[in-house]
Amino acid sequence: MNTATSTAYSYKVVRQFAIMTVVWGIVGMGLGVFIAAQLAWPFLNFDLPWTSFGRLRPLHTNAVIFAFGGCALFATSYYSVQRTCQTTLFAPKLAAFTFWGWQLVILLAAISLPLGFTSSKEYAELEWPIDILITIVWVAYAVVFFGTLAKRKVKHIYVGNWFFGAFILTVAILHVVNNLEIPVTAMKSYSLYAGATDAMVQWWYGHNAVGFFLTAGFLGIMYYFVPKQAERPVYSYRLSIVHFWALITVYIWAGPHHLHYTALPDWAQSLGMVMSLILLAPSWGGMINGMMTLSGAWHKLRSDPILRFLVVSLAFYGMSTFEGPMMAIKTVNALSHYTDWTIGHVHAGALGWVAMVSIGALYHLVPKVFGREQMHSIGLINTHFWLATIGTVLYIASMWVNGIAQGLMWRAINDDGTLTYSFVESLEASHPGFVVRMIGGAIFFAGMLVMAYNTWRTVQAAKPAEYDAAAQIA
């Protein structure tokens, strides 16, 4: 028995995280559709504090970023680090702890946020006891990941692991520094920082939660699963190394662009803007590297919907990372800030890049860890692809139109200097966009239900003996 386990990959924790990625994806995106409907039809708030938009919106963001995105990152990093190091996970019991610990974090978030327990910091709303639990789980994750790298059977550390490693270390630093707080009761604390300093620390964290959790981590996924699915080596390995160092050097500086025209010192705003513009180069370097990996394999897109998911995610990544630096320019930001354009930009990255690359990776990974040849139905993957693409496009386009309309209406003034439009008029103009956004989100959500069915049928058909056979190290 011991011999078998020592020569078999630790796939159990990968299977658990993969299944929970789909589950939390449905929960988080279902919540997203519901709060989108609340904006279109406010009576859906039901006049209850627990179901109000203000409490459910942070629950939605935490569910899709940390529950769906987090589980996807755990599953794919645990899978690819074993494969690229040709060794089993370091401390499999600790890896099991990261699974149960992370699910507990998600559960506590799902209970505390609707009850109104919040630090009020975006993407870091969870109160201090949960912050401590996150830190403990994250340290365990780092030990497992870097421990596995340390006992690798190959000399080289694959580039995907560099991205996963940077994501794990940076998120740890961001989480600890931004959540330094003084507890006053069991579920209430106050930030250690005040005023503009607090805002700066918050958006250094907030932007780099995007930069490292939702970008570097998912680039780790891209660098493993795109070459695997295309059956081609990375287009330029040298470019991938340059991409890595350039990205992690520049990204950490870009946070102030969230605070243009605020009390933040002007030099800090300008620095954030310049760094955001520089960021275009490494971002597009990575996107081009991923796309060009398909050189000689473009024909596969006709018959392989999994590869289509991965390639379209790269296209959305390219689009989002062009749009982000553009929106960081102060003159553009004067129009876009506080409007739905920002929401559209975020979802170009969240639905188009993060969700699509995760879905593509899961469709590749699930059959591998459950000992199946492929997913239950390739046709259903194709259906999911079109639902996801159409849903994303509707979502983004409606928010672009809304955002630019809002920005123009808010700044329009009459000859005597009074505002041309009242806020309510801009809200009325936004209503059709709210409805289209909800429809786009619902279409994307329908795709997740298709994925859940396909995954369930694939898992149901697998036998425990097949799991073991699939986990054997060749």
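Including glycine, each Cβ sits where the backbone N, Cα and C put it.
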Quick check on the annotation: Swiss-Prot has His257, His258 binding Cu cation, so which of His175, His207, His299 does it put in that site too? His207
Under the topology that Swiss-Prot records, do Lys151 and Leu264 share one side of the membrane? no
Smallest number of other CB atoms within 10 Å: among the binding-site residues His60, His347, that is His60
Stretch-level contact, the transmembrane segment (157-177) and the transmembrane segment (239-259), CB cutoff 8 A, at least 3 pairs: yes
Which sequence-distant residues neighbour the transmembrane segment (433-453)? Criterion: at least 6 residues beyond either end, Cβ under 8 Å. 22-23, 25-26, 29-30, 32-33, 36-37, 39-40, 340, 351, 355, 359, 362-363, 380, 383-385, 387-388, 390-399, 401-402, 405
Kindly say whether the transmembrane segment (206-226) and the transmembrane segment (385-405) touch, using the definition of 3 or more Cβ pairs under 8 Å where each pair is 6 or more positions apart. no
Which whole-number mean pLDDT does the model give the topological domain 'Cytoplasmic' (454-474)? 90
Rounded to a whole number, how many Å is the Cα of His347 (heme b 1; low-spin binding site) away from the Cα of His258 (Cu cation binding site)? 16
